[in-house]
């Protein structure tokens, strides 16, 4: 599987940070291809203007239709006319791990990173297939959300992570938060590693980890528990967690 992503952005240099770590490894392995189109390169006036004042007044500037439309046209000429366009915006649907797993199979994709007060709505109506948000807060532009989506998808590519089970055991993969992790030394001050992790009993370790995942999710993200149908075993483990924590 290869992931092919195009990005429409005024600041392609921001994505240089992706050349390190997991994404850098995927790029070197040719498991991931990133291409960039800067709307400023498609502005037709001498000043290469990409924004203008909003109709109706108000603060800030709005990204213009034409430079974005031409940048998208160039991107689709390379990636394919039917390539889906995803706009990263606080007004979009909340991005989840389930959506990430779905999007990795929709490659190639074009990610549209807005700036300023936003993008002319007519561009969104004409060119955008989906809008996604990484949370209920405001950033300076869509570049960081685009990087978040790229990172989340890249982790799911087979062979990119160091261990074949790393992605399958991440938080949210099973709809739960991750369990606690420990490494050497065995004891730090008065805080020892839970004895079950030293037992060598893999069944007991798996049971403990699931119990911790269930308990942590209940404590921190009850919405995830409530939308999940717990099995009898999971409910029993969650009850044990409550008893042990009381």
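For all residues, glycine too, the Cβ spot is worked out from N, Cα and C.
Quick caveat, the model's predicted, so the values are computed rather than measured.
Per Swiss-Prot, these features apply:
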BINDING   114, 134, 135, 136, 137, 138, 139  S-adenosyl-L-methionine binding site
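Projection of Swiss-Prot feature records onto the structure.
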residue : record                               : CB count, 10 Å
114     : S-adenosyl-L-methionine binding site : 23
134     : S-adenosyl-L-methionine binding site : 20
135     : S-adenosyl-L-methionine binding site : 11
136     : S-adenosyl-L-methionine binding site : 7
137     : S-adenosyl-L-methionine binding site : 7
138     : S-adenosyl-L-methionine binding site : 6
139     : S-adenosyl-L-methionine binding site : 12
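Under DSSP, residue 136 (S-adenosyl-L-methionine binding site) is assigned to coil, being neither helix nor strand in the three-state scheme. According to its DSSP assignment, residue 114 (S-adenosyl-L-methionine binding site) is coil. Summarising the S-adenosyl-L-methionine site geometry, the residues cited as binding it (114, 134, 135, 136, 137, 138, 139) extend over a maximum Cα to Cα distance of 16 Å.
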